[in-house]
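Asker: The structure that follows is given in the form of structure tokens.
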Amino acid sequence: MRKRNLATNAKAALLVQINPNRIIFRKNMNKRLPIASITKLMAILTLLDGIDAGDIKWSDKVQVSKNAASTGGSKLSLKYGETITVEDLVKGMLIASANDAAVALAEGYSGTMGSFAEKMNNKAKALGLKNSKFENSHGLFEDHHYSTALDVMKMAMNAIKREEILECTSLKEAYIKQGNQMKKLTNTNKLIGILPEIDGLKTGHTPKAGFCLVASAVRNDVRLMAVVLGEPSKALRDQEVIEMLNYGFKVIKTN
């Protein structure tokens with residue numbers, strides 16, 4: 001496969017080998033773009049700081065606000081006033097990409113979305129993200145909410161250091177307790193289970209962001225991570241990520 005044929009439909013893309021870290025392929029990696037639900041990686045990294053500090057626990061129950069219950073896009077269909085654990089909200093946010101879960105977590109930890117977004121931006125600075133700004137925890141479009149392929153890669157590289165994130169995003173499906181029932185979650189990343197090497201991380205889509213994905217894969221003890229932003233369709237997004245990963249593993253094998 002010729003390098004120039006990679007990610008031809010994406011607005012930006014990046015392919016990196018992990019440990020040792022090196023860029024294998026890049027395309028507009030510093031271009032500021034909306035990243036849709038990939039935002040939720042920064043949300044979980046921010047939340048984990050709170051969990052590590054003891055400010056919030058996995059077992060804590062969050063009461064769903066009117067704001068969370070009315071959030072659009074993909075969701076768990078949380079009801080105003082119901083309670084659900086932080087752990088189940090995280091699963092809903094990372095596996096099913098539930099926007100209402102992302103709002104409930106932000107409010108449960110920080111009180112308001114504005115306060116949580118401020119924590120997200122502080123975390124972004126701490127991680128060295130130089131071209132990212134966050135207005136919310138879910139990634140639905142706002143004018144001043146953006147990132148880049150390079151910053152998404154930095155986010156993802158920190159995310160895979162946390163077993164909680166990688167374990168969750170590697171699941172093809174999971175169950176959570178919602179009310180008195182068990183609710184089945186299906187991973188929005190359809191490459192899980194199709195390409196055995198892929199073990200995470202996060203999809204995203206809005207009309208303005210297009211179809212986005214950051215994927216992690218391991219083959220023969222080599223880990224690669226691929227980012228595509230602004231793909232025109234889900235099928236092309238998945239296809240081009242697979243092509244990037246296969247190219248990367250081939251390059252490493254021949255070197």
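Including glycine, each Cβ sits where the backbone N, Cα and C put it.
Automated prediction, rather than curation, is the source of TrEMBL annotations.
Okay, so TrEMBL annotates it like this:
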- Ser37: active site, acyl-ester intermediate (ACT_SITE)
- Lys40: active site, proton acceptor (ACT_SITE)
- Ser97: active site (ACT_SITE)
- Lys202: substrate binding site (BINDING)
- 7-232: domain 'Peptidase S11 D-alanyl-D-alanine carboxypeptidase A N-terminal' (DOMAIN)
Asker: For Lys202 (substrate binding site), which residues in the same chain are close in space, meaning a Cβ under 8 Å from its Cβ, but six or more apart along the sequence?
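Answerer: Listed in sequence order: Ser37, Ile38, Lys40, Leu41, Leu94, Ser97, Ala156, Thr169, Asn189, Leu213, Val214.
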Asker: Using a 10 Å radius around its CB, how many other CB atoms surround the residue listed as 'active site, proton acceptor'?
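Answerer: Looking across every protein chain shown, the total is 28.
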Asker: Using DSSP and collapsing to three states, where does the residue listed as 'active site, proton acceptor' fall: helix, strand or coil?
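Answerer: Going by the DSSP assignment, the residue listed as 'active site, proton acceptor' falls within a helical segment, counted as helix.
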Asker: Could you tell me the mean pLDDT the prediction assigns to the domain 'Peptidase S11 D-alanyl-D-alanine carboxypeptidase A N-terminal' (7-232)?
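Answerer: Per the prediction, mean pLDDT sits at 97 for the domain 'Peptidase S11 D-alanyl-D-alanine carboxypeptidase A N-terminal' (7-232).
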Asker: Just how many other Cβ atoms lie inside 10 Å of the Cβ on Ser37 (active site, acyl-ester intermediate)?
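Answerer: The answer is 27.
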Asker: So how many other Cβ atoms are close to Ser97 (active site), meaning within 10 Å of its Cβ?
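Answerer: Looking across every protein chain shown, the total is 26.
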